[in-house]
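What follows is one structure encoded as structure tokens, with my remarks underneath.
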């Protein structure tokens, strides 16, 4: 009877395409919007995940997320270094500074100051130049997105393309000269500001003077040291907050989830996509069944059992569900591919595939249940009514 | 009915009352009827007299409220629904007024449905269906969709579908009412030639007086009762 079920479904081309379009739309919205959401949320902690070397981040206890800088006294660095189980502890400066561009405008940049001696905390991938070039006088490394876009030199002719920053070009950071010595690849930040790496001492020189300048202390544990135990020990010994990388990512993620409108905005889009998709697909599928009620009645009169008809409807639902899901997910992937080099945040992990699949399955079950109910209650004697 | 074999259908005091929102409508008010093997019985009468209700009960797709209706010695009312389904699938063929062919299936696929319901594999079922279509004169139209066939051809496909699983009882509801006189005549000739034989009975509900001559017996119904059963239309 499977063959008959499929032919019945595809025979009504308009309804068949209508159901698939509804499910495709639902699947697209249920994967594309969360993919942007996940991409955006991952940018909130991209700075932490880009720094693979340290095991523990130490900071002021009032810090709520990675960009919520509450500077420490430089002496705190030595207290952390004195905690048993700490292999090394390095200072890190992180702050927003204004760069003056060639055309006189200003661009806020994320300036990262690395330990002068070790340069720990540097960019994950160097595209041009080397990390150690930061030791050159006034040296800074700029991320590729900043170098080609927001920090790029204005076009030579009106309407022309801006010229990307290259090694040797200069910037003005808070009235201080900075020379580009390298171009790096970093994960985009939440606010998509250019990222500028330099040494710690130079960064605090660029920044407006404050009593406290140390943003974070990056800690590496001794080999074999238990990270949770060491974080507790650092907290106890210094009175500072200490988080493993995963804990700091979670702290940042939770802050954005609880304190911004991002989850509710995307959640609303996903819910609307689900509801509209369910309504279109469910209604069209139900109408399709209603219009075929006489045909189901004929099959019932001829001896087809309710179980057989139920299987036929389920098969129809599974087929349209699979096609709609595949098209929706495909369109989402295509969207991600098309926008891969743009500012748009997009991350499409397998969990979203499963989420979209679960959503489409729910819609199909809903559509099938309302249709099956009608068919099961159908009196076969309907076939003799004119 | 000399020479005819045992009863295919035996209805005794069959009563069916519909409850239409508080009003009771007696569709069958105690029907006694016997249809023999090898017989073509026509049920005639005005609209609303209970003809369709009676064939629905005989075909086992509607339960009567009281009385008994045995089909080939089996009381369908007291059968479990799964048994009744199997019984119907194996023993009963249907021909409908509006043909009720599945529009997205071609003629062969439509005809093969009863066999597939009976568990025959698709390829075998379609082979047998093609043979029966040959018998009803549509051997070359097997791949045609219902929309590509005339009314007469569609009814032939419906007849082939009713015959393909070799049922012992065929119930037809107004099989000629959607057809012109000549086509209706041809359909009835076909039913007599191909469908009727000593191991099978045919029950036809009709208004169409032009086809009464094809019946072995005619049961005239009115107001839920059988007024009379006659051997030819002249006796009505």
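Every residue, even glycine, has its Cβ placed from backbone N, Cα and C.
Look at TrEMBL and you will find A:16-42 (among others) tagged as transmembrane segment. Here the transmembrane segment (A:16-42) has Cβ contacts under 8 Å with residues 9-10, 49, 187, 190, 253, 256-257, 262-263, 266, 269-270, 272-274, 276-282, 284-285, 288, 320-321, 323-325, 327-329, 331-332, 335-336, 344-349, 352-353, 355-356, 359-360, 363-364, 367 of the same chain, all six or more residues outside its ends.
According to TrEMBL, the domain 'MacB-like periplasmic core' annotation covers A:17-236.
Note on the transmembrane segment (A:264-288): residues 9, 12, 15-16, 18-19, 21-23, 25-30, 33-34, 36-37, 316-317, 320, 324, 359-360, 362-364, 366-368, 370-371, 374 of its chain, located 6 or more positions outside it, place their CB under 8 angstroms from a CB of the stretch. Annotation source TrEMBL lists transmembrane segment at A:264-288 (among others).
Per-residue pLDDT, averaged across the domain 'ABC3 transporter permease C-terminal' (A:270-380), gives 85. As annotated by TrEMBL, domain 'ABC3 transporter permease C-terminal' applies to A:270-380.
Residues annotated as transmembrane segment in TrEMBL: A:309-338 (among others).
The transmembrane segment feature in TrEMBL is assigned to A:350-372 (among others).
Taking Cβ pairs closer than 8 Å, the transmembrane segment (A:350-372) reaches residues 19, 23, 26-27, 30-31, 34-35, 38, 274, 277-278, 281-282, 285-286, 288-289, 309-310, 313-314, 316-318, 320-321, 324-325, 328-329, 332 in its own chain, all 6 or more past its ends. Tertiary proximity for the transmembrane segment (A:309-338) is limited to same-chain residues at least six positions away from its ends with a CB under 8 Å from its CB atoms, namely 1-2, 4-6, 8-9, 16, 19-32, 35, 281, 285, 289, 296, 299-300, 346, 348, 353, 356-357, 360-361, 363-365, 367-368, 371-372, 375-376. Secondary structure of the domain 'ABC3 transporter permease C-terminal' (A:270-380) per DSSP (helix as H, G, I; strand as E, B; remaining residues coil): 93 helix, 0 strand, 18 coil.
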